[in-house]
Amino acid sequence: MSERLRTEWFGNVKGDILSGIVVALALIPEAIAFSIIAGVDPMVGLYASFCIAIIISFVGGRPAMISAATGAMALVMVPLVKEYGLNYLLAATILTGIIQMILGYFKVARLMRFIPRAVMIGFVNALAILIFMAQVPHFWGISTMTYVFVALTLLIVYTVPRFFKAIPAPLIAIVVLSTAAILMDVNLGTVGQLGNITQTLPSFFIPDVPFNLETLQIILPYSIALAIVGLLESLLTAQIVDDMTDTGSNKNREARGQGIANFVTGFFGGMAGCAMIGQSVINVKSGGRGRLSTFVAGGFLIILILVLGELVVQIPMPVLAGIMIMVCIGTFDWSSFKYVVKAPRGDAAVMLVTVIIVVATHDLSKGVIAGVLLSAILFAAKISKIKVTESKDKGKTTFDVEGQLFFASVDSFVHKFDVSVRDQQIVIDFSNAHVWDDSAVGAIDKVVMKYRENRNHVTITGLNSASKNIIEKLAVYHDANGKISTH
Amino acid sequence: MYQHILLAADGSQNSLRAAKETIKLAAAFPQCTVEVVMVADYDKSRYDILHAVSSSELELKRRKILAPVEELLQTNNISYRVKILHGEPGPAIVDYANQEKVELLVIGSRGLNALQEMVLGSVSHKVVKRAQCPVMIVK
């Protein structure tokens, strides 16, 4: 075993085991709640969390990051489960894994820098809103006791950590309130009413779907969306864990690892998952630094389910909904309100569009794509603004060009020049400009030729060397009337 | 005589006053190095990453917080270095001070976040309780 691998696994044994246990406890309610969002048995999310955490601890690129069944992924798969059922979800999970492996192999992580921050902020906000909306049916307008239990859950999860941090507060809320509900015989909806818990280890099976083109047509759009959403959240989480631990990570290996984890998980009856920001932060804060912490989180989770499965079905839904409301509050970027006011108009618009598209379509990947497209268009619009200032001096007219001259800015460039003048000395100064492509060169040609038709003398100055190169290669105007002077 | 003074700073007015006191001390000992530590809070990590364009920009943003302190040290010709720690402010400072065996730790009496202080107690209070070196709290 290499030195590096040894430190990644056993460099922090005590801290990793303890933090892994804490994360396992915090994972259980989330895995169950996300299964319910996706519309499948809690076991699908629990098996996924177990498989993904264990596999990613070996093949991931970011030690101490926690991956499992997540809300972002669950939200994407809702329509697939509703229309086609669990087996198609498992097939889609396997395909998601294959897509992510391919993307990881082609070093998809490099593309992350093209995703603007405004889109990422929109992503987490939309995620929080959707998870919250998914909770509403579980507590709204059911009974007074339901409201009481949601309120009690929130009270516990927000006040207990101030005095006692060793056990995750959501688990305390579950144990205390489930016990109270059972002892006092309160009539509340339970997890058991929404699905079964089977106290067995996951086993290998091939999803029962016909292997044909039709199946592929059904699952492919979901798999692509899942792959995008999973990688996005995983790579964002990796950056956060990098920052918290002040260490680097291999993002492409992580992308491949996410693919392997999902691929295998699909064969063991688990739903697609990805890295979780909240759980990873809990892990690092609890002292987790190595791969062992993720491994322990997955392992301990399944042990708990095997031992306590019968109790899990008795968890009241309002308690789970309360915990999910806490997750939403933690997921939402509350500085966004300030951001909308203070950030540049374009960025604020991109963030809002991302959120609106997600909330309207219930598909995080669509919001992200829309956000990226909009910010690309805004960027092109911004960069294609070109400024030409005219100044006259001793019979010489100088045009100062400022900005990027390329296909999107050539039209406004050409219109800035009044080419009807005659017998003038014209200087076009490119000191503050860059000439990018052949349409830019064509535009310069056009302006120079028009001036020359009216017997003006045109001089071009201040080209930087890259601009000069492209002009020398492509321009025609200097063939017509001697050489260009470039100072 | 002090050779290694740790100055905990967060860009607040109190930490500036702490810097001024540190300079008075360090100026008396020509061989003394001041180490300025700032803690990048775990709880702000997610916000920082979400709102920073790149990790280098984020690093710059954090260094900027310390700019007034660095300026003070520079104009007084104090030799210093900067260290950014990651963790929860109190424990991170204490662990670093204990691990580096600094001779004196200087810290402002209160930091930037009044609400957090009310709920969790002040960082300087936690530091005094657990640090193994003399601590100077500057009001």
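Using the three backbone atoms N, Cα and C, a Cβ is placed for every residue, glycine included.
Look at TrEMBL and you will find A:386-487 tagged as domain 'STAS'. Mapped onto DSSP classes, the domain 'STAS' (A:386-487) shows 36 helix, 33 strand, 33 coil.
Taken from TrEMBL, the feature transmembrane segment applies to A:17-37 (among others). Beyond its flanks by at least six residues, the transmembrane segment (A:17-37) meets 43-46, 48-49, 53, 66, 68-71, 73-75, 78, 131, 134, 138, 167-168, 170-171, 174, 191, 194-195, 271, 276, 279, 282-284, 286-288, 292-301, 304-305, 312, 315, 320-321, 323-324, 327 of its own chain at Cβ-Cβ distances under 8 Å.
For the transmembrane segment (A:44-65), the residues of the chain that approach it from at least six positions outside its boundaries are 8, 16, 27-28, 31-32, 34-35, 38, 74, 86, 89, 93, 197, 202, 234, 237-238, 241-242, 245, 249-258, 260-262, 264-265, 268-273, 275, 280, 283-284, 288-295, 297-299, 301-302, 305, judged by C-beta separation under 8 angstroms. Annotation source TrEMBL lists transmembrane segment at A:44-65 (among others).
Annotated transmembrane segment per TrEMBL: A:85-106 (among others), in sequence order.
According to TrEMBL, the transmembrane segment annotation covers A:118-136 (among others).
Annotated transmembrane segment per TrEMBL: A:142-160 (among others), in sequence order. For the transmembrane segment (A:142-160), the list of distant contacts is 169-170, 172-173, 176-177, 181, 186-189, 316-319, 321-323, 325-326: same-chain residues at least six beyond its ends, Cβ to Cβ under 8 Å.
Marked as transmembrane segment by TrEMBL: A:167-184 (among others).
Per TrEMBL, transmembrane segment is recorded for A:218-238 (among others).
If you look up TrEMBL, you'll see A:259-282 (among others) marked as transmembrane segment.
Residues or ranges marked as transmembrane segment by TrEMBL: A:294-312 (among others). Using a Cβ-Cβ cut-off under 8 Å and counting only residues 6 or more beyond its ends in the same chain, the transmembrane segment (A:294-312) has close neighbours at 16-17, 19-21, 23-25, 27-28, 31-32, 42, 46, 49-54, 56-58, 60, 63-68, 178, 191, 197-201, 279, 283, 288.
Within the same chain, residues 29-30, 32-33, 36, 71, 121, 124-125, 127-129, 131-132, 134-135, 138-139, 149-154, 157-158, 170, 173-174, 177-178, 181, 191, 277-278, 351 sit at least 6 positions outside the transmembrane segment (A:319-337) and bring their C-beta atoms closer than 8 Å to a C-beta of that stretch. Taken from TrEMBL, the feature transmembrane segment applies to A:319-337 (among others).
Residues annotated as transmembrane segment in TrEMBL: A:349-381 (among others).
Among residues of the same chain six or more beyond the transmembrane segment (A:218-238), those with a C-beta under 8 A of the stretch's C-beta atoms are 61-62, 65, 67, 70, 72-73, 76-77, 80, 84, 88, 91-93, 95-96, 98-100, 103, 108-109, 112, 115, 120, 123, 249, 251, 254-255, 258-259, 262, 272-277, 280, 363-366, 368-369.
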